[in-house]
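The block underneath contains the structure these notes are about, expressed in structure tokens.
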Amino acid sequence: APVLISILLGASFSRYQVEESVEHLLAPTHSLAKIERNLVDSLFPVNRSKHRLYSDLQTPGRYGRVIITSFRKANMLDQHHTDLILKLHSAVTRIQVQRPGFNYTFAHICILNNDKTCIVDDIVHVLEELKAARSSNRTNFAITYPITHLKDGREVYNGHQLGGVTVHSKDRVKSAEAIQLTYYLQAINSLNDMVAEKWESIFCDTVELFQKSNRKVKMYPFTSSSLKEDFQKTSRVSERYLITSLVLVVTLAILCCSMQDCVRSKPWLGLLGLLTVTLATLTAAGIINLTGGKYNSTFLGIPFVMLGHGLYGTFEMLSSWRKTREDQHVKERTAAVFADSMLSFSLTTAMYLVTFGIGASPFTNIEAARIFCCNSCIAIFFNYLYVLSFYGSSLVFTGYIENNYQHSIFCRKVPKPEVLQEKPAWYRFLLTAKFSEDTDDSEETNTYESHLLVWFLKRYYCDWITNTYVKPFVVLFYLVYISFALMGYLQVSEGSDLSNIVATATRTIEYTTAQQKYFSNYSPVIGFYIYESIEYWNTSVQEDVLEYTKGFVRISWFESYLNYLKKLNISTGLPKKNFTDMLRNSFLKTPQFAHFSEDIIFSKKYNNEVDVVASRMFLVAKTMETKREELYDLLETLRKLSLTSKVKFIVFNPSFVYMDRYASSVGAPLQNSCISALFLLFFSAFLVADSLINVWLTLTVASVEFGVIGFMTLWKVELDCISVLCLIYGINYTIDNCAPLLSTFVLGKEFTRTKWVKNALEVHGVAILQSYLCYIVGLIPLAAVPSNLTRTLFRCLFLIALVTFFHCFAILPVILTFLPPSKKKRKEKKNPENREEIECVEMVDMDSTRVVDQITTV
């Protein structure tokens with residue numbers, strides 16, 4: 001049934017859809033920045049902001065962007081490089097997109113000026129004026145930074161067009177190591193958007209072709225589609241690494257289930273355990289696809305969540321099988337397996353469903369995290385069902401093979417030792433098996449102890465880890481672990497940088513690196529929007545507005561207008577009517593200030609009186625290398641100021657959509673999952689046999705999560721969407737591995753703590769060790785994937801597995817030997833008058849090798 005269901009549902013995944021919007025996935029769903037964006041778009045739509053597109057104050061739709069720099073840090077404003085950049089500009093404007101019946105050029109899809117010409121970056125006009133000045137041998141032409149003036153008198157901001165700038169006195173530019181050009185495209189309908197998308201692709205090809213013919217310069221193209229393409233590229237570059245991972249896990253799983261005894265070896269169960277996980281993953285993928293879900297690259301983590309959950313469950317069942325008596329019927333042995341392992345597996349599965357279920361709830365503000373948690377819940381649920389049904393049935397089949405003394409691989413009857421003596425050595429090696437009559441009655445050794453891992457744990461490791469001289473070193477090592485974890489925990493930072501979720505060696509990474517290197521002197525341009533009618537003519541209001549924007553580089557109609565009045569020796573404190581008349585009929589009619597008309601919204605009242613109902617100005621802050629952190633602090637400062645100021649204003653930049661409430665949004669799923677796990681452990685304490693199990697489990701999870709957060713910070717992993725999802729999984733992975741170990745120890749009676757620690761390790765240690773080895777081998781290929789997303793995934797999952805293993809095999813075995821619960825040995829007084837005489841009689845079928853029944857009489 002699981003196979004048929006998986007095939008039917010998984011077949012639909014051949015036509016899966018890919019999520020196109022990165023903002024939908026990674027920006028906080030509910031944020032003030034999105035409300036502010038809607039307000040900004042309603043007041044100042046893109047078609048009203050033609051001369052302000054350079055600042056990206058609003059999402060401009062389709063665009064192509066390129067940073068030009070030199071390998072030798074040459075001056076990009078010298079004659080050679082200026083001509084080269086203008087030549088590139090000419091090549092870009094000649095790009096053609098071929099469609100049936102028409103060839104589109106840049107002129108057909110660009111954003112048009114009022115005079116029906118294409119709007120290009122102001123830096124292009126600056127370079128053209130610089131070239132003209134050189135041609136006419138004019139030496140008085142100067143470029144200032146970060147604000148310069150064009151020939152028509154316009155004041156323009158070039159802080160994001162000139163990079164690596166060296167200035168003379170009075171902000172005159174001496175040299176610039178990089179120049180950035182941007183080309184904005186219209187996307188007003190589906191056809192226009194399709195042509196613009198194709199133009200972006202040809203734009204990148206054109207820039208790269210131009211790069212090959214001019215090898216002394218380096219160019220970094222970027223388009224509005226680059227982030228989306230590079231985010232999904234992770235899935236494509238991961239394919240062969242995931243296949244390698246699957247092959248390695250299958251190989252090791254088969255080896256872990258194998259032993260020299262050809263009857264008791266279970267190599268097929270190793271393969272079938274992986275097949276169980278694969279079928280569950282395929283079923284979940286089919287359900288997600290049929291319910292309208294869309295694929296994105298964060299789903300790469302789901303197979304590893306399934307692997308951790310499914311592997312331990314299957315290995316624990318196999319470990320329980322080894323503890324059953326061989327003289328029992330297969331049904332009885334299977335019943336014992338389910339009774340021994342399924343209770344803990346069911347409880348840990350419930351914990352998975354609760355923690356990921358909370359993450360899938362509307363409380364989660366990051367859509368990518370919510371979708372991941374929802375899909376993980378579906379996959380875990382089917383994984384549990386398939387382990388019960390598919391893997392359980394497989395265990396029964398191999399059980400019959402074992403009881404019939406058939407070869408575990410070839411399924412043929414294994415001959416008895418006396419028959420094997422006549423065969424060749426290689427034949428005897430392949431058919432080595434231990435028959436029940438070969439074991440003496442006095443010999444208590446389990447036939448499964450020939451398994452390498454069982455033998456290693458029982459004979460060596462359990463005695464070594466509980467040795468009195470080893471314990472102090474383990475405690476010391478744990479203190480070192482806590483110290484380094486604390487050091488990392490105090491340095492945790494939120495990662496809202498979108499380059500952390502794309503493939504490496506892509507346009508996004510190269511462009512972002514170049515932009516950070518050359519254009520990090522100033523923050524992105526921040527829009528300062530006054531959305532109410534204020535008394536602009538009032539001197540005190542003028543002072544308030546200038547005070548709020550103090551410390552910024554301002555590109556403002558307001559400040560220019562006040563300076564304009566001062567040059568005319570007119571008081572800035574004019575009456576309202578004179579102020580607005582002067583603004584409309586004199587200031588905005590001047591060619592050098594005409595572009596400021598895009599920044600003011602006028603409204604006529606019933607008495608023909610004109611009022612300024614809304615306006616905007618542009619602010620740029622001086623920043624250091626940690627630009628993103630400073631920008632976030634700047635956003636919070638301006639937000640608080642907008643709530644207390646006399647003037648009603650908002651601040652906005654498209655990057656605020658990703659940054660606003662990101663810290664609280666990205667941490668919320670982890671926080672909610674931890675709280676839900678804590679509540680579940682607390683309430684289940686009244687249901688389990690001993691509440692100390694839950695106490696120890698809570699402390700262990702806290703220790704593991706604390707260590708993983710600390711060490712992942714030291715390993716340069718930020719707290720972003722991917723790492724938070726891994727930490728949620730870490731809660732469950734820890735409970736999965738530690739719960740059976742702690743349960744066996746806490747419930748044990750009548751022996752010393754050390755004895756029960758050894759017993760717990762012998763019973764559950766092999767399953768933990770097998771699942772850990774397979775999991776780590778599966779993770780290793782992930783480290784080689786050229787992607788920042790998979791790098792974060794690998795580092796977090798590797799740390800979770802390593803730290804949990806460290807706790808299971810070192811910390812808990814040592815600490816439990818001298819901390820509660822106590823294990824007082826109960827000594828019963830022997831009464832000499834109440835002795836028992838026991839006689840054991842075995843009834844053996846002489847024609848078979850099996851013990852048929854056993855009668856005990858007292």
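The backbone N, Cα and C atoms fix where each Cβ goes, glycine too.
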335-356, 445-466 - the range that TrEMBL marks as transmembrane segment: 335-356
Among ranges 1-22, 727-748, whichever one TrEMBL labels transmembrane segment: 727-748
Contact check, the transmembrane segment (297-315) vs the transmembrane segment (727-748), 3+ Cβ pairs under 8 Å, seq sep 6+: yes
Cβ-based contact of the transmembrane segment (695-715) with the transmembrane segment (797-819), 3 or more pairs under 8 Å: yes
